[in-house]
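**Q** According to TrEMBL, the protein carries these features:
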DOMAIN    15-125  domain 'Succinylglutamate desuccinylase/Aspartoacylase catalytic'
BINDING   HIS24, GLU27, HIS119  Zn(2+) binding site
ACT_SITE  GLU146  active site, proton donor/acceptor
DOMAIN    187-268  domain 'AstE/AspA barrel-sandwich hybrid'
Amino acid sequence: MSSYNNNSVRLNAATKVAVFGGTHGNEMSGVTLVNLWMKNSDEIQRKGLETKPFITNPKAVEKCTRYVDTDLNRAFTAENLSALGGKDLPYEVWRAQEINKMFGPKGSPDAYDVIFDLHNTTSKDYFNLQMMNYVKVRRHPQLRLEVGPQPQGVLRSNIFDSMRMIIKHALDFIELFNEGVEFPPCTVEVFRVLERVDYPRDANGNIIAMVHPNLQDCDWEPLNPGDPMFQTFDGKTIHYQGPGTVYPTFINEAAYYEKQQAFVTTKRETLVASAVKKS
């Protein structure tokens, strides 16, 4: 008997899993994979597990655009899910309500146990911590919530393959957990969001500087006080003036210009996950 057995967290089996693609209609890896699995889902089925592939935002997928009326990824709020108006609502708010009915309701006993929502990012690139650890030790050390870099509306084979492998290993983890395999305690390195940083702007709100060449494509790498951060259009450097080292990500992400975000700063942490076993 394992020494960690008595301290294991006991959880119910996960029997219903959904794989979402097309939440943002121009993020092509998830769209393509889900369309592939909707035609033949054998690859994502596991013993004792119902796995449903699903295109979440079909109108945005059809137009190959991020969204139609509003960002579906921000639409699953209590206010939106209870809003009246049906199809007169903004399309993605109505769609969020429909998805919540199909795969929820959110927080109810009938809700799906696990949902994988597949995204791409143009920048250089939480499962349950145990699942994250399982995927990483199976030769996929670059696990992130979003897989990139990949331009919007474009399909890259290496990003497609990486996303496909992540889902394979994640489903393998769930199958093993359901079969009674006990996963020992583990540690997982994560990056916790600190601050969203906008581009420098003039009094009229116009951008007056770009991400500095020394920072561009350096997602997840340390940014230290005094390091170059932005470069103005006349060539002047704006330096990072924060109190300590941070790890920026989503640097110069195309989808976040509308959100007035140049990048996000994070801090690196190590989280500890208890042993887990099916109850």
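Each residue, glycine too, has its Cβ placed from N, Cα and C.
Automated prediction, rather than curation, is the source of TrEMBL annotations.
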**Q** Just to verify: the residue among HIS24, HIS119 with the fewest other Cβ atoms within 10 Å, which of the binding-site residues is it?
**A** HIS119
**Q** Using Cβ atoms only, which residues of the same chain lie under 8 Å from GLU27 (Zn(2+) binding site) while being at least 6 residues apart in sequence?
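**A** ARG66, LEU118, HIS119, ASN120, GLN150, GLN152 - these are the non-local Cβ neighbours of GLU27 (Zn(2+) binding site), listed in sequence order.
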**Q** What is the number of residues in the domain 'Succinylglutamate desuccinylase/Aspartoacylase catalytic' (15-125) that are helix, strand and coil, as DSSP sees it?
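**A** Counts, helix then strand then coil: 44 helix, 19 strand, 48 coil.
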